[in-house]
Amino acid sequence: MNRDEVAKTFAALKAHREASQETIADLFRVDPNRFENFHIKLDDVLFDYSKHRVTRTTLDLLFALARAAGVEDRRSQLFDGAAVNITEHRPALHMALRKLDGAPVLAEGKDVMPEVLAERQKIFTFAEAIRKGTIKAANGERFTDIVNIGIGGSDLGPRMVVTALAPFVADHLTMHFVSNVDGADLGDTLKKLPLATTLFIVCSKTFTTLETMTNAQTAREAVAEKLGEAAVADHFCAVSTQLDKIAAFGIKSDRVFGFWDWVGGRYSVWSAIGLSVVIAIGAEKFEKFLLGGQDIDQHFQTAPLESNVPVIMALLEIWYRDLWDYATRAVIPYDERMHRFSAYLQQLEMESNGKSVQLSGAPVTESTSPVVWGEPGTNGQHAFFQMLHQGTEIVPIDFLVAAQPSGADAKHHQLLVANCLAQSQALMQGRSLEDVKTLLTAQGLDTAAVNTLAPHKVFPGNRPSSTFLYKRLSPRVLGQLIALYEHKVFVEGVIWNVDSFDQWGVELGKELANKLTPIIRDSEASLEGLDGSTAGLIGEIRKHKKG
């Protein structure tokens, strides 16, 4: 990385941005073939970035920025198994988890693929046995309900994928996900469960995660109370590496599945953490999911920057975050089953790049991760789209939509697609004051009424968006979409010069919670040393306990 060259390119981009006068609509008028020139079609996903406020000059400067930052070299290091997670001295080789050909992948000189393939086969064998009923509940019946207990990457990924791929889930299985230490999460789930035919998957690499183990212990108590202590071994399995703790919990050793330190939590759905996904959709469909991720790995690793979708996605983010100072990005899938996708991306993007320190330990020189948020269309249109169209903050948007439905009524889907395309069009084009006045006059309003109402009905337009279009949402397509965002995040981290694979920001709160827990449990514990606000709040909590 050449930081001087990076700074120089950022300065050139700033000058270019200040000189930019054209609206997005202007760019379409200048170039009638803009869509053809500003979209990339992969095997199953079309990425349309024509509705962005960028020209060829903009993109050339952004590609120069990527090269100055060393994106190509760092990409090679990533795939070569270098310790790109510098604060924890680890590689980030989640790509190996979705590699299907078994070709060597090295981590510190060791080929990890034999272990990856062996663990994958172990997961597949167990999952298929659960699906077919050859592994049974304690009463000899087939399992009907699967509960994944985890938090963070051990919940967000599996929950999102299973929800998104609902049409592919086995009819005889009902999937549940529990993450929050709030007892209502597990309690409400337990009320719905036929415990006699329920399998619990406990996902915690260390088998010490506070939220996960609290929920797991409560679930264990429920099983032991209703079905007997001996049933615990039949109704629990684990994704962890701590065999001694798992044995003490009562889980059989052949029902334990592991993964490696080079798999970050937010990249772990491809690993044994995805066991609930494999049980839900089956090994064959899960391989299609892995194939989708592998498709994008190959594209990202080999495509020139100028035609590399994750690179362009990242550069657009940099352009808006650092040159236009847009602080948020919305992700709007026009697919109800994708309603957890934006939450999944929140962790992937904000935990990875929500950093203020460079690799060297010096403060960053540019703004880093935006706030990522969103809801499915068309629901969002009746909630926050008012702000997107007419608010004072400009929010770049990612739209995701399938050309064909997955088992839904065609009439419904046609309306869904029309709304998706209409929103991106309206955000780009807007509606001028002159056009509004013409429309109101045509509706019969007098001049005074027109002049009063017209300003309220103006749409500024020039609001940027990307559209991801695919035939229908399948395991392979979902794998492609996830991997596109994973590699986007990596490229951004290289340019911002941060470690995208650690998450020290989650530690302080956990540390303080551990100190406060005994104080909250013991009403006589001293509040000495606490700040005034925290002490005051605990005092009020103690009053409520007495009441």
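Keep in mind that glycine also has a Cβ here, set from the backbone N, Cα and C atoms.
As the structure is a computational prediction, the values presented were derived from the model and not from experiment.
DSSP assigns GLU351 (active site, proton donor) to a helix in the three-state reduction. Annotation comment: Swiss-Prot describes GLU351 as active site, proton donor, evidence class sequence analysis.
Per Swiss-Prot, the feature active site maps to HIS382 (among others); the stated evidence is sequence analysis. Less than 8 angstroms from the CB of HIS382 (active site) sits no same-chain residue that is six or more residues away. In the three-state DSSP scheme, HIS382 (active site) falls into the helix class.
Per Swiss-Prot, active site is recorded for LYS510 (among others). Of all Cβ atoms in the shown protein chains, 10 besides its own fall within 10 Å of the Cβ of LYS510 (active site).
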Number of other Cβ atoms within 10 Å of the Cβ of GLU351 (active site, proton donor) across all protein chains: 22
Alpha-carbon distance [GLU351 (active site, proton donor); LYS510 (active site)] in Å: 15
